[in-house]
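Pulled from Swiss-Prot, these are the features on record:
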type	residues	note
MOD_RES	Ala1	N-acetylalanine
BINDING	Cys22, Cys25, His26, Met88	heme c binding site
MOD_RES	Lys80	N6,N6,N6-trimethyllysine
MOD_RES	Lys94	N6,N6,N6-trimethyllysine
Amino acid sequence: ASFQZAPPGBAKAGEKIFKTKCAQCHTVEKGAGHKQGPNLNGLFGRQSGTTPGYSYSAANKNMAVNWGENTLYDYLLNPKKYIPGTKMVFPGLKKPQDRADLIAYLKZSTA
């Protein structure tokens, strides 16, 4: 199922998902440093593997995904299937609502 078929995202619910499942490895604030994963500020419209100062896997650089609602929705279902060889150990969010909520939060928090 594509992002167009996803339920409407709730940014507040997405923030909770980010804090429990993503924040140990990622930051969203402008100017915040990288953790185990890259800072996600400015994520939408950026190509995968291009955040300055972060050491990406060759897989992330070579995949050249342009991050947006559709690509994030597919990626967050199963990151290792979407980008084989990614360093991201997160298994993914299986529920469409969880992915839609997280994307709604990321759109607000990384802009």
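Each Cβ is built from the backbone N, Cα and C atoms, and glycine gets one as well.
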#### Entry: Binding residues Cys22, Cys25, His26, Met88 (heme c) - maximum C-alpha distance in whole Å
11
### Query
Looking at Cβ-Cβ distances, which residues of the chain lie under 8 angstroms from Lys94 (N6,N6,N6-trimethyllysine) while being 6 or more apart from it?
Leu77
### Query
What other residues of the same chain, not counting Cys22, Cys25, His26, Met88, have a CB atom within 8 A of the CB centroid of the heme c site?
Ala23, Gln24, Lys35, Gln36, Gly37, Leu40, Phe90
### Residue among recorded positions His26, Lys80 with least C-beta crowding, 10 angstrom cut-off
Lys80
## Note on the structure
Cys22 (heme c binding site) falls, by three-state DSSP, under helix
### Chain-internal residues near Cys22 (heme c binding site), provided their CB is under 8 angstroms and they sit 6+ positions away
Phe90, Leu102
### Message
Give me the CA-CA distance between Met88 (heme c binding site) and Lys80 (N6,N6,N6-trimethyllysine), in Å, as a whole number.
### Response
8
### Query
For Lys80 (N6,N6,N6-trimethyllysine) and Cys25 (heme c binding site), what Cα-Cα distance in Å is obtained after rounding to a whole number?
16
### Task
Give the residue from the binding-site residues Cys25, Met88 that has the most other Cβ atoms within 10 Å of its Cβ, counting over every protein chain displayed.
Met88
